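Over in TrEMBL, the protein carries these features:
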- 14-23: compositional bias 'Basic and acidic residues' (COMPBIAS)
- 64-511: domain 'Major facilitator superfamily (MFS) profile' (DOMAIN)
- 1-23: region 'Disordered' (REGION)
- 140-159: transmembrane segment (TRANSMEM)
- 165-187: transmembrane segment (TRANSMEM)
- 199-218: transmembrane segment (TRANSMEM)
- 238-259: transmembrane segment (TRANSMEM)
- 322-343: transmembrane segment (TRANSMEM)
- 355-377: transmembrane segment (TRANSMEM)
- 386-407: transmembrane segment (TRANSMEM)
- 419-442: transmembrane segment (TRANSMEM)
- 454-475: transmembrane segment (TRANSMEM)
- 487-505: transmembrane segment (TRANSMEM)
Amino acid sequence: MASNDTAEGVAPTRSEKAPVDDQDEITRIKAMDRVIQGAKTATEKEQKMTLLQGFRLYPKAVAWSMLISTCIVMEGYDICLINNFYAFPQFKQKYGEQLPNGKWEVTAPWQAGLSNGANVGELIGLIINGWVSERFGYRWTVIVCLMLINCWTALFFTAQNVETLLAAEILCGIPWGVFQTLTITYASEVCPVAMRGYLTTYVNFCWGLGQLIGIGVIMSMLGRDDEWAYRIPYALQWMWPLPLAIGVFFAPESPWWLVRTGKLEKAKAALLRLTSRNRETDFDPDETVDMMVHTTALEEKTTTGASYWDCFKGTDLRRTEIVCMVWAIQNLSGNSFSGYSTYFLTQAGLDSNSAYGFALGQYGINMFGVVGSWFLMSRGIGRRSLYLYGLCGLFLMLLILGFLGLVPESHRREGSIATGSIMLGWALTYQLTVGTVCYSLVGEISTRRLQIKTVALGRILYIIVGIVCSVLTPYMLNPGAWNWRNFAGFFWAGMCFLCIIYVYFRVPEPSGRSFAELDLLFQKKIRARDFATTKIDVFGENIDGDFMSKYHKHAEIKGLDKAGNL
């Protein structure tokens, strides 16, 4: 087998390089060679696999990934509720203060506190998830978080004052922060290369679905004039956790996590539960485990540890930087400004029902954008290309929004309608590209050993930037503050242009690459623009025995006898 491998272009194995007298050492080296050969075969099969073949081979993985990603629906639903309850008279009278003119309002400080309370909790959840999920596994982490959601929802439902609402937002934010990273990681680890972009971006679809359900529930409550107008929407949060927890209990654990923890036979069993019997691709679970073992060994060679601090060492620093910036660019490209489309339409004279209906349509467009991005990816357009060209489109529309500020006051209604319409186009372009593709990029660029922590750090920066943008934007638009109105489009266009420059020089193309290939490309410090064209051989890399010795038993079980013969 060694001579055949050399003929195929694989670097000579250690057993060929030097004679070894010790029989145990010979057995160990042959075991390592067997794992490497299996990894090479599995990688070649994955990279040749078409999208349709992937769905035929991994239909169960698709179902389980979609189930776990559905946890994000709850976050989108609740965030939609709190931001829209400020207009409910019953909600304002219960949790607000009476103004001198006799009206009830939730004061600005408490609005800011409630809106950002979930962000505070999510920051805590993101940090905790970095070590909890790696220690206890993805399934049990999700199940415990779902049970916590059940508990904290009771605070929403029974809250007698605004302080209790704030506590509920913070406490619920903790499991939501866990879901934000864990769902992406699970999706990227249970599917082959051909399907990674679709299952990771489905997370964004779930976010939009939660918002769509939330705005629909709110519209159905507009006719009520009692406290149940806001209590029923909160109570509906109980419909999610228990069914999801039952489903997750029966879901297979991530085989990549099982390999990282040395549970190789359980990893093989998980793979069999994720796949169907399909002879078209000649799938072999042992070879796929070999690929995971080989990739993990490569990462152990270049990554000394698995702590948050290790995300800022060596080649992982570059990967952490890219993941963080890819997340932050979602807000820096004008996302907070685009959320004010209903504000401009209200200025044009639309009533509240029409404004909520417009928001419903905008959330629907967001979901359509995710499906549209899947179509674009199926046409062979890479993640880097979609992200870069999408930013260019957003930049042009933000410039148009700025120039609409030059419309005379006598045509203010027409200008406001034009602004709202451009923002709809902005939202569609955003979801087709930047808003959706981001989830795929962060799931692929980070190393397997540090993925949970890297994605968590990226999401933390996203939240921090989002808080800053959410504070600045009202000042830009408020007539009593800076009163920039449409001219704020010029500011965000400038920020978007800087994002375009960053993406061009720093964000690589991960499409079609195995995790091991991405590891090696970063290790060799290949320029982002050259990722797609650089040819590498990950199986020609020498992996020290210290990194592979722990997998010796796995290779023996697969076919090595005690004499070391294959």
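Backbone N, Cα and C define each Cβ position, glycine as well.
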Message = Cβ pairs under 8 Å only, please: of the recorded stretches 165-187, 238-259, 386-407, 419-442, which one is richest in them relative to the transmembrane segment (355-377)?
response = 419-442
Note = Best-packed against the transmembrane segment (238-259), counting Cβ pairs under 8 Å over 140-159, 165-187, 199-218, 386-407, is stretch 140-159
Key: Contact between the transmembrane segment (199-218) and the transmembrane segment (386-407) (3 or more Cβ pairs under 8 Å, separation 6+)   = no
Query = How about the transmembrane segment (165-187) and the transmembrane segment (487-505): at least 3 CB pairs under 8 Å, pairs 6 or more apart in sequence, or not?
reply = no
Intrachain residues whose Cβ lies under 8 Å of the transmembrane segment (386-407), provided they are six or more past its termini = 326, 329, 333-334, 337, 373, 376-377, 414-415, 418-419, 422-423, 425-426, 429-430, 432-434, 437-438, 441, 484-490, 492-493, 496-497, 499-500, 503-504, 507
Inquiry  = Below 8 angstroms Cβ to Cβ, which residues of this chain, lying six or more residues outside the transmembrane segment (454-475), approach it?
reply    = 112, 115-116, 119, 122-123, 126-127, 129-130, 177, 180-181, 184-185, 308, 311, 316, 319-320, 323-328, 330-332, 335-337, 339-340, 442-443, 446-447, 481-482, 488
Ask   = What mean pLDDT does the predicted model reach across the domain 'Major facilitator superfamily (MFS) profile' (64-511)?
value = 87
